[in-house]
Amino acid sequence: MESEPLLTGSMNYGSHPDHNDHLEKGSPKTRRLSYSVAAESCCVEGGDEDLYLQQAVVFIEDAIQYRSINHRVDANSLRLYRWYFSRIWQWGLGLTIAVVLILAFIERPSSLSYTSDPRFRPPPWEPPCGLTEGIEIVCLIIFAIDLATKSYLIGWEEFRKCKWLIVYILVISASVIDWTLTLSMYCEQNLRVRRLIRPFFLLQNSSLMKKTLKCIKRTLPEIASVILLLALHLCLFTMIGMLLFAKGENPKHNGEWEAYFRDLPTSLSSLLVLLTTANNPDVMIPAYSLNRGYSIFFIMFSGFGTYFLMNLLTAIIYNQFRGYLLMSVQASILRRRLGIRAAFEVMSCQGRGQDATHSEEHVERVRVDASLQVMARVQMKSYYRQAIIKRVQQLSDGFIQWEAFRRLFDELDKDRIKEHPPKPEYNSPLLQRLQVVFSHYYVMIVGNAVALANVMCICTILVLNSEKSIAERDDYYMEVINCFFILYYLMEMSLKILAFGWRGYLSYRNNIFDGLLTVCLLVLQITIFATYRLPFPKWNPASRGLMSLWEMVRLVNMLIVVRFLRIIPDIKLMALVASTLVDLVKNLRAFAGILVVVFYVFAVLGIWLFQGAITAPGKISVISNSSMENITFNFTMECGSYEQLGYWPNNFDDFASSLVLLYNIMVVNNWQVFMDAYTRYTTEWSKVYFVSWWLTSSVMWVNLFVALILENFIYKWDRSVTCSVADVERTGYETTVQLMFREQIQEPTEEELVTQLHQHPHLHLS
């Protein structure tokens with residue numbers, strides 16, 4: 001995920017007004033830059049030799065992480081800047097954000113109960129007043145320190161331009177005020193506004209999440225036009241449906257009207273749910289039973305709406321969002337090139353500072369030894385550092401020109417080829433022969449075949465024992481089969497270690513996975529023997545210890561089934577799909593982060609609006625037993641209703657159950673059941689909440705996420721189409737959003753880079 005830049009404002013292309021004359025006097029190839037805080041042409045206030053190197057180190061780190069370089073560049077600020085972006089502070093800040101978000105599970109209404117079903121749910125544990133509030137104020141203090149550090153590092157002029165930091169102040173202030181109100185009311189405050197704005201802390205800590213949000217905002221006008229067409233389609237067919245299925249004289253023919261077209265809200269809801277196919281074919285059955293011709297109405301509605309307009313909406317969302325994301329990635333590439341150019345300029349100043357007799361031509365080159373010093377201090381992945389240093393050392397003239405310096409950092413966009421350690425050398429002919437045999441590709445195929453046979457044996461025994469009780473099962477055959485296969489796995493692992501050596505064996509990710517599960521299986525099997533002795537026919541000893549024999553055997557079998565996943569790296573397409581999923585988890589966390597924010601906000605709103613709205617009948621009768629005759633229930637056992645389906649655990653009574661309910665609605669299967677229940681227990685206006693969530697989650701965000709999965713997979717497929725299975729395993733694809741769009745991105749020109757450097761608020765270029 002992209003690191004958080006200190007300045008998230010847009011970067012303008014083109015010439016700066018104050019430097020137009022300067023840019024016109026020379027081409028990008030001959031243009032010179034200098035610092036102008038004093039009379040010298042290349043001097044930084046308080047500058048020394050180490051300061052130039054320190055500035056270059058920070059600028060290169062900014063380039064690697066796509067950060068803005070518009071921050072203070074004096075020695076003390078640079079030390080603070082590097083500390084701020086250190087792993088300790090960033091992990092600590094991320095942990096603080098996680099803690100403040102998790103508080104929603106503990107605060108009232110607490111989610112700390114084993115079930116969310118109101119019929120069986122015991123009173124949850126409620127934290128004492130001041131516990132969660134104390135944790136929260138510590139988090140808010142950390143956020144205030146984070147804000148103060150950011151504000152200082154970028155300076156007042158840049159701070160005023162950054163809307164995110166201004167909103168950051170407002171959010172912290174509002175949270176502190178609401179926190180104070182909670183304590184003043186002895187924690188009896190039901191409406192906690194700060195809950196709703198907590199996700200902002202997650203948003204502001206990721207520049208890629210901000211870009212995603214900005215791209216979504218820009219995509220909304222195009223989405224709104226299609227949604228308007230969709231609404232027109234829905235309203236038109238609603239009117240036709242109400243006319244077509246109006247109430248008639250014969251009660252037997254009024255089934256469609258009574259169930260789905262009784263009034264305007266019911267008709268709209270019925271067809272909206274049909275748009276998601278959740279109530280198909282239920283919605284048409286009463287009319288279709290009377291006349292098959294009525295099916296034409298429903299087929300036309302769903303055919304045009306579901307298969308044309310909804311897919312058109314998906315295409316527009318993907319196309320427009322992809323275009324805006326490409327623009328955002330273009331700005332990220334500009335930041336990288338700008339950071340590299342800034343490092344080159346300050347290193348040029350460092351070179352000129354050593355020898356005042358150098359002519360102006362030295363501005364466009366840096367010393368090799370200075371470049372090596374800088375690269376040794378830059379925080380980056382070791383294999384990229386080694387590749388760049390190796391290229392620098394190949395330069396023989398002692399200086400690096402700008403173009404050569406820029407090309408050094410092309411290594412950051414290359415795939416890392418993983419080299420496995422050399423195999424150990426043995427003097428014994430027997431060991432050499434075993435090494436040749438067990439390092440061969442066919443040994444892996446045999447191992448996969450044995451793993452498949454093991455899984456098939458387990459499946460066969462499970463089918464045979466599916467109807468038997470635990471007392472009727474004979475675990476003897478299962479244990480004998482498991483012992484045989486586990487011994488084979490242990491032998492295979494040992495011989496592979498012999499063939500490749502420890503380091504070579506562990507250099508393969510599938511070997512690590514395979515070996516770890518084999519060790520777990522061996523430990524479990526030894527535990528079974530120590531507890532229940534060796535197996536024999538009719539072997540079914542009494543349970544002893546923490547786990548029964550059947551539970552331990554089940555655990556062994558589950559590990560064996562999981563171990564079968566070892567075949568994934570050996571099949572090219574499966575390996576490609578698996579690596580795509582891993583890349584999505586590692587590099588597209590920002591997109592999932594937006595979904596977390598949306599879930600969080602809607603869950604808090606759901607608790608505010610619907611907490612306690614649905615109460616189980618048993619609970620009501622206990623509470624109001626003396627006046628049951630005066631209570632009117634919205635309870636119904638109609639087939640397919642919330643109550644008849646037993647959906648009681650799906651409610652908004654606490655934060656955890658709200659998240660699960662929102663997920664169930666996002667999947668859209670039977671989501672009309674929840675909407676109908678809350679309409680009956682509250683008001684018709686509750687449908688606005690459910691439809692808004694469906695549009696936000698299922699229509700918009702899921703489509704975006706699917707599109708990004710496709711983009712990621714196509715990117716990796718195109719690069720791997722000519723690779724073998726071994727090449728896919730050896731190549732560590734560092735797939736990022738920037739690399740996914742790399743071929744469509746235009747390189748910034750020299751003039752754009754120089755213009756941006758002249759606009760730096762703290763370097764004072766002239």
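Sequential numbering from 1, following the chain as shown.
From the backbone N, Cα and C atoms, a Cβ is placed for every residue, glycine too.
The region 'Disordered' annotation in TrEMBL covers 1-29.
Among the features that TrEMBL reports, compositional bias 'Basic and acidic residues' is placed at 16-27.
This prediction places the mean pLDDT of the domain 'Ion transport' (87-321) at 89. TrEMBL lists 87-321 (among others) with the feature domain 'Ion transport'.
Within the chain, the transmembrane segment (88-106) has long-range Cβ neighbours (under 8 A, six or more residues past its boundaries) at 3, 112, 127, 132, 135-136, 139-140, 142-143, 146, 195, 198-199, 201-202, 205, 600, 603-604, 654-656. Residues annotated as transmembrane segment in TrEMBL: 88-106 (among others).
Beyond the ends of the transmembrane segment (127-145), by six or more residues, the same chain brings 92-93, 96, 99-100, 103, 106-108, 110, 168, 172, 175-176, 179, 182-183, 186-187, 194, 201 to within a C-beta distance below 8 angstroms of the stretch. Residues annotated as transmembrane segment in TrEMBL: 127-145 (among others).
With a threshold of 8 Å between CB atoms, the same-chain residues lying at least 6 positions outside the transmembrane segment (165-187) that come near it are 108, 129-130, 133, 136-137, 140, 143-144, 147, 150-151, 159, 193-194, 197-198, 200-201, 204. The transmembrane segment annotation in TrEMBL covers 165-187 (among others).
Annotation comment: TrEMBL describes 223-246 (among others) as transmembrane segment.
Here the transmembrane segment (294-318) has Cβ contacts under 8 Å with residues 219, 222-223, 226-227, 229-230, 233-234, 237, 240-241, 244, 256, 271, 274-277, 280-281, 283-284, 287-288, 699-700, 703-704, 706-707 of the same chain, all six or more residues outside its ends. The feature transmembrane segment is assigned by TrEMBL to 294-318 (among others).
Annotation source TrEMBL lists transmembrane segment at 441-464 (among others).
Summarising the annotation, TrEMBL assigns domain 'Ion transport' to 456-713 (among others).
The transmembrane segment annotation in TrEMBL covers 512-532 (among others).
The transmembrane segment annotation in TrEMBL covers 552-569 (among others).
Under the heading transmembrane segment, TrEMBL lists 590-610 (among others).
Residues annotated as transmembrane segment in TrEMBL: 688-710 (among others).
The listed stretches are 223-246, 512-532, 552-569, 688-710; of these, 688-710 has the most Cβ pairs under 8 Å to the transmembrane segment (590-610). The stretches the transmembrane segment (552-569) and the transmembrane segment (512-532) meet in space: the count of Cβ pairs below 8 angstroms, excluding pairs fewer than 6 apart in sequence, reaches at least three.
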